[in-house]
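Per TrEMBL, the features are as follows:
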type: ACT_SITE; residues: Glu333; note: active site, proton donor
type: DOMAIN; residues: 35-154; note: domain 'Beta-hexosaminidase bacterial type N-terminal'
type: DOMAIN; residues: 158-502; note: domain 'Glycoside hydrolase family 20 catalytic'
type: DOMAIN; residues: 547-603; note: domain 'GH29D-like beta-sandwich'
type: SIGNAL; residues: 1-18; note: signal peptide
Amino acid sequence: MVKSLFGGIAVASLLALAGCGQDSALETTDKAPAPQVIPVPAKLSYGNEGIIMPEVARVSTPDSALFDQFAVFVNGYTGASLERVGGQADIRFVKAPMIQGDEAYRINVDATGVTVSASADAGLFYGAMTLAQMLDGAPEGSLAPLAIGTIEDAPRLQWRGAMLDVARHFRSKEFIKKFLDVMAAHKLNVFHWHMTDDQAWRLEIKKYPKLTEVGACRVPAGDGPDADIDEATGEARLYCGFYTQDDVREIVAYAAERHITVMPEIDLPGHATAAIKAYPELGTAPLEGDMSDWGIFQNTFNLEEGTITFLEDVMDETLELFPSEFIHIGGDEVATRQWSESARIRERMAELGIDDVHHIQAYFTRHFANYLDARGRRLIGWDEILEGGSIGNSAIMSWRGTKGGIEAAKAGRQVVMAPSSIYYTDYRQSDSRHEPPGREHIQTLQDVYEFEPVSEELTVDEQKAILGAEMTIFSEHMRTPERVEHMAFPRLVAMAESVWSDPLKKDFDAFAKRLAPHMARLKALGIRPADSAFAPKIVVEKGEGDARTVTLSSQTGVGIFRYTLDGSGPTVDAALYEGPINASAGQTVKAAAFWNGEVLSGVRTRALDAVSLSERTSDELALCSKWLSIKLDDDFPRDGDRAAMLVDIIQPCWMYDVPDMAGVTGIEVAVGNLPYNFQIGDQINDVILKQPETDVGEIVIFKNSCDTGEEVARLPLAPATNSFGITTLTASLDAPDAKALCFHVAASHYEPIWAIDRVRLTQD
């Protein structure tokens, strides 16, 4: 499983069309492995006896396209080649009209080989995806034996989606194709393409070229751009990117070949900053905020006839590119202040018969619901579109929990479940210092897997209104493609099984064991998945003198741990973890998870000397409050690795429960300054800062409590003001009886955000 599907495999070399073979039985074995696939099929029946696949399996398919796709996935997973034949074959794909459901399929394994049958192309494709996984597990270049038996499978939910936000951070056409391949491998069938937002407009609209000439570019926030000057312009380098209409057609066709519908999202009437910057006449008031900000902007489309015409023109071109039944209009987080303060808006409300500014959004929604209905399409939007009046036969995507979706389903309205607390991938997956930036709340693999999108509050008839579910990849804090992959996978795999498979068969422990070997398949697809569910968490207890006791654990308990104490990297031959490890202060523990002799996680490291054990990253400190807590990227460098710091942007304050202050005489605090590029409305008035003693400010350290504790140190921030990266500040510390240390920013203004990267106690 070392080849990537995007590593230049010469598929054509696999496609030689051979003549008719002879009908003959394959060699058998009495030790065939049980099928271990994701999503788990609806029905499986098999025994110990199985067939041994030949070195190059012969495959017959109704068309070459299916063979091409099957061969690429099989080769990517196993390194083995396949041969397409026109007669008798080891693997046969056949149309079977008696199988009900376009996405249903059947796999039968007997002594003569494998038959995959379905009534439609989608079913054959999904059968191919299942079989490709079943053939994995043998040495590189070979196909695994298959247990004799039968699989009967079909999805339980119609809508199995993933949303990719390309407005906040642009993704290449090649990345999107790879993402579609991974969706297809897991039988996901709706790609929700979030193409416009406050931060950028990414879709070429020929009638309005400034949407991409102006609206697709921004200067990144913070001081980092000052170190990244474009030599051609002498200005900070812009962050740009958009998709031409030809790009879109190519991606839509690519998705269709994999039985995925591409649904665009064109945000209105809020999240409109990029469009209004390109065409200011569309706005209600002068633009507020900068396109590099995150959060909820005040900028909204106005009610002028010209603005409605503009949006219809945009929709006209969008419909030509996307054949999807549903078109997403956003509709979330629409601020009303600009509308409320505008005399012209009040005039237009009177002309249009709108009696309340809170009903303006419903006017937009109804207008475009009717517009789409007249063209044979349907509108879908975030659950806010339910507020403010009738919205025709529009469907909703429930993101503010499940309540809105449940109420809509009870009313007979179709719903896609996408609750942010479960299906938003910008939440961290663990409290490890290895986690990349994201929202502070931890959303584990198990949380995703065990969520049930079809609520028991609904009757059987009401449940029919739940079209399915969707995982959303909002990318404010996913600067790179690698970050997207880490945050989305394997959580998207867990969601895929949840929406495809029988909920009565949900078993997280069994899923985690199937996922362990599946991680290598994700890597074969070119994905770098998070190892958060499998990686060892190292916990160290200090004993007498230099004695240390080390324990290892993981979220799932799947796999084994191997470790070293001499600083070398753990291999398959390293010591096996069987219980608490006795170690000493001069050693360094390095550990990793393994599965069937293969590496399952990255290496986790912990030095065992007293000073190293005292170190805490911001992930490992407790936040004093969680008003708006986020792990944020530093703003430098433009490319490559950056520090990431967990901070509450309303109250930058951290607590350190100190296990032992004996011998501590000083402290090191590594800090960074970040742009306050957040549109948070009136919450900006709630920012809590301590009183500074200098112009720049300080990190103030209190004993036990920031509210009632004694101040024990104050570290001036001035040395860090001219740094693009992390600066380490030092101070003497005399607090031998402290049980905890509280760190609080003291400054006269919330800009910039000062955040702690890590702290360390020192000894003379």
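Just so it is clear, glycine is given a Cβ too, placed from its N, Cα and C backbone atoms.
Curation does not apply to TrEMBL; its annotations are automatic.
Residue environment of Glu333 (active site, proton donor) contains 17 other Cβ atoms, counted within 10 Å of its Cβ in all protein chains. If you take every residue in the domain 'Beta-hexosaminidase bacterial type N-terminal' (35-154) and average the pLDDT, you get 97. In the domain 'Beta-hexosaminidase bacterial type N-terminal' (35-154), the DSSP tally of helix, strand and coil residues is 29 helix, 42 strand, 49 coil.
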